[in-house]
Amino acid sequence: MRRSPSRSNNNFAVPNCSTNSNSSQQQLTTPSDDLNSNEPNDPDDSRSLPTIKKFNNKHSINNYNTLASAGKNNNNKRASNDNLLIPGENAHKQKIYTKDENLKSLYLDIDVSVAKALSSSATAPKLINTARTSSTTTATTSNNILTSPSYRESNYSSPSSYSFSSYYSSATSASSSTSSFLKSSGLSSRVKSPSSSVKAGSFGAPSSPTSGIPNPKSSKKPIFLRRYSHDTSSNEGLDIDVAIEKLLQVGESREITKTSKKKNFPFHSWEIQLICYHAREIFLNQPTLLRLQAPIKVVGDVHGQFNDLLRILKLSGVPSDTNYLFLGDYVDRGKNSLETILLLLCYKIKYKDNFFMLRGNHESANVTKMYGFYDECKRRLSSKVWKMFVDVFNTLPLAAIIQDKIFCVHGGISPDLHDMKQIEKVARPTDIPESGLVTDLLWSDPDPQVTDWSENDRGVSYTFSKRNVLDFCAKFKFDLILRGHMVVEDGYEFFARKKFVTIFSAPNYCGEFHNWGAVMSVTTGMMCSFELLKPRALKNKKKLYKTKV
């Protein structure tokens, strides 16, 4: 019987990145380099955490060409002019919070014991106001009514032709045209009262047994997405609290199956359209590079495993009490990508200051056409719904930094990344290009067998060595790189003297591997621990090999 990773009780401090390069080079050659308790023999993955910093974007990187094919093989040999940043005016200027200088000197302690929960009295991360140049207008209301685009669902168009009449606005910030997209607030202030009923035109809450996951609601400030923005007499729309509860109950009732038909899906297409529109607007109002503060919990790939996502919420806490950062790969491969991405987007709309999502390599039109999400949308709803989600994917942030110490990304690092401002200046919405910085952040992998940047056998981006990781951490003064992108047996796996960790949050991935799932918890004191999800019992167990996803 395989040894459970939860039996590990290994507390350690990640070395400070101020170590000089000479000593780092010497340590690399010592035999003890590969003796870490969870050191990978093959590439591994890791993810990101939340906090948003402040900067003024004067330029942005032009959008790249669309990724022609997710699995397209390229020689990965870039000409020097391919690495140049093309300046352009960025319409989405962001500001970043003022960091706490007292936290800069903290070491990053990691506890690999199982499921160390954060205190329920944890406070929300500090986030500072950010002004954004936008063609949208803010609806000044007292009950968080969000209006939809003026055009009809049948006329759904590309992102460039969107025309929003209003976007998410809290009652306390609506009086200012430069209101913040992320406000500092204590979690203790989020006391919810019983849910308000959904307006006409939306499905009522399911009659199935209530979910075991709490969904605190507020009758004072319900978040209501209005279907017809210019018709004030119409009350037709979607209550986000009702939408979340509906999804939680669907998961509890276990009625979601791969063969689910359109008539069984609990949302109308126009309701999904509303969710996508407003989530997209929130993402565009937040930076491409998030700068976050602890406490926070980081989740790796979930890949449409909706019931396992619910297990994560039960284990690590609901978003009303817990700050979250998801590292990408929400769809494809799993049976219930629609429920998974809808629940995450609903949480983003409801808890936009405390719930963060990064882009993974599967948040792409080409990849989702190959690995299941497109087919699921077409089978259960329509291809138009798939297009709505793709337009949201194109606005997702690319990376996050937690308290100046932890760099979070879906895939890995890039040889083209010389300054964090390069990430900040990436203009969104954007497709994933065939090569370059954006592609590397979402597709690259670590490889213990190489000594420098090498071709990736995925046919996209690069692989990088331990030396590349250590150099990256030293240059940017990071103590840890956290990413996902690859299934690992214990749910987490270290690389490069524990300066790099992969986390994967889909246990028993695809129903074929007996892997654990993991969530990384970071406290205010920068103590890190892993909360583990045991794989469900399998009739035919397969030996797990590190698999790129």
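Using the three backbone atoms N, Cα and C, a Cβ is placed for every residue, glycine included.
Copied from Swiss-Prot, the annotated features are:
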type: REGION; residues: 1-50; note: region 'Disordered'
type: COMPBIAS; residues: 1-13; note: compositional bias 'Polar residues'
type: COMPBIAS; residues: 16-32; note: compositional bias 'Low complexity'
type: REGION; residues: 64-85; note: region 'Disordered'
type: COMPBIAS; residues: 68-83; note: compositional bias 'Low complexity'
type: REGION; residues: 133-158; note: region 'Disordered'
type: REGION; residues: 189-219; note: region 'Disordered'
type: COMPBIAS; residues: 205-217; note: compositional bias 'Polar residues'
type: BINDING; residues: ASP301, HIS303, ASP329; note: Mn(2+) 1 binding site
type: BINDING; residues: ASP329, ASN361, HIS410, HIS485; note: Mn(2+) 2 binding site
type: ACT_SITE; residues: HIS362; note: active site, proton donor
Integer Å distance between the CA atoms belonging to ASP301 (Mn(2+) 1 binding site) and HIS485 (Mn(2+) 2 binding site): 7
Structural state of ASP329 (Mn(2+) 1 binding site), classified by DSSP into three states: coil
Collapsed DSSP category at ASP301 (Mn(2+) 1 binding site): strand
HIS303 (Mn(2+) 1 binding site) versus recorded positions ASN361, HIS362, HIS410 - nearest by Cα: HIS362
Alpha-carbon spacing, the residue listed as 'active site, proton donor' to HIS410 (Mn(2+) 2 binding site), which is rounded to whole Å: 10
